[in-house]
């Protein structure tokens, strides 16, 4: 047909090919073909599973400096949390003298905090720095274990506050009312109830693991309303209980210290007891202040950011908030155990491997002496 009429020439073949390819690409880009959409979506991004072009998530885009900061910070908090809480677990479990109601609560707290450092923090490092390659089942187990451990840590703090309230405010009936059996029952109920609560709290998330948009991510799917409920149950109520109990403990401790000073008549003895009473007041105030401030400092940033709905999956600020949130589990052994002389003696026996000797379980770690 070309060239039949004068003045009409056929276009070059190369130009015709370019027009055809351009039109073809334009039509394909506007089509609903999943292959074309995935190629366009992931251009410049690396897939977690290149062989699963249609269902793979993209790898987290994290700079080298952010990756080093994330892994170093969370790994350091994790190692400290595991080490300190493991020392508490071994100390209370090994030495018979430490099998008391209060120390059983410390043991339960140490177990929950140990799991936070051993399970939750390493899992968060994987989630935020690379693709999740462990599958949907392990993702569900991780999310369930993480939520239970964090909640159990808070619950154990409330139990310890109640124990100290009973010991200070009702010392005459403390040993008859607070027994090892009752404390074990309270610990069991604490873990059991918190497990049920967290099953209800994240049940929809656990049931929808197979409905994820892509493979290679482990995401907590929590709506705004459950977050409000968790804020009240998991933060406001526990911190209110801790503050009320320790305020009462502080008032009673100060009252007892002043009563001791008022009943002393001898001048020499008066000076000695005055110093001891003043130390009791300061110790009560310091313990109360440390407990409340640390708890608020660790949990307030997390809940404030969560309520704003900001996506913290790949942000450096999110890593900091998460580290501070989990720092509570690292600091708990310092607050509840390192202040006790028996813990320092127990750690010395553990580090020097004297606990491997026969009869070490009967060692006198409660000996009161200098040092």
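Using N, Cα and C of the backbone, Cβ positions are placed for all residues, glycine too.
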The annotated transmembrane segment range in TrEMBL, which must be one of 31-52, 141-162:
141-162
Quick one: sort out which of 104-121, 122-139 is the transmembrane segment according to TrEMBL.
104-121
So if I exclude everything within five residues of the ends of the transmembrane segment (288-305), which remaining residues of that chain have a CB under 8 angstroms from its CBs? That is, six or more out.
157, 161, 231, 235, 239, 242-243, 246-247, 249-250, 312, 317-318, 321-322, 324-328, 331, 335
